[in-house]
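Peer 1: These came from TrEMBL, pasted as-is:
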DOMAIN    8-68  domain 'LIM zinc-binding'
DOMAIN    119-179  domain 'LIM zinc-binding'
Amino acid sequence: MPNWGGGAKCGACEKTVYHAEEIQCNGRSFHKSCFLCMACRKALDSTTVAAHESEIYCKTCYGRKYGPKGVGFGQGAGCLSTDTGDHLGLNLQQGSPKPARPSTPNNASKFAKKMVDVDKCPRCGKSVYAAEKIMGGGKPWHKSCFRCAICGKSLESTNVTDKDGELYCKVCYAKNFGPKGIGFGGLTQVEKKE
């Protein structure tokens with residue numbers, strides 16, 4: 001039957017989808033507001049959608065529902081699975097037991113060491129993580145703390161100078177720590193001695 005005066009039907013709500021609000025996925029049309037994961041109702045886009053037949057999911061829910069199951073398969077990066085495999089009739093204690101790991105502080109994981117060894121910003125004293133780190137004067141700084149100590153101007157690698165562990169713009173550094181005398185430091189007139 002022809003579809004007079006409208007667009008395709010939405011794959012979620014079955015109402016007409018007009019071109020201005022249409023998102024296509026897996027040969028079907030959706031309203032932008034209906035383009036949601038069928039499990040968790042999270043909004044989807046072209047990079048986060050995973051389609052299975054006529055259903056759409058976020059990649060996390062798709063993995064949980066249709067991904068590999070069993071011992072040894074995680075539920076995504078960084079997840080800790082506490083599944084012992086008992087419901088599958090598996091006994092993980094079979095075979096030779098693994099030697100116990102010593103629980104000394106010197107045997108800390110790489111992650112734990114990174115969390116302990118996080119750099120501190122010299123300006124505010126808070127932890128500086130890789131995503132917000134700018135190096136200046138041999139020290140890590142937050143982007144928001146990477147400012148001139150005198151005028152507060154935001155600094156870049158092209159206009160930053162450091163002195164005694166503090167950062168300055170080139171103008172403030174020259175005024176406060178540069179050479180002084182005639183022709184330097186803003187002196188414009190020479191007093192004549194008579």
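The backbone N, Cα and C atoms fix where each Cβ goes, glycine too.
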Peer 1: What counts of helix, strand and coil residues does DSSP assign across the domain 'LIM zinc-binding' (8-68)?
Peer 2: 14 helix, 23 strand, 24 coil
Peer 1: May I have the DSSP-based helix, strand and coil counts for the residues of the domain 'LIM zinc-binding' (119-179)?
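Peer 2: Grouping H, G, I as helix and E, B as strand yields 11 helix, 22 strand, 28 coil.
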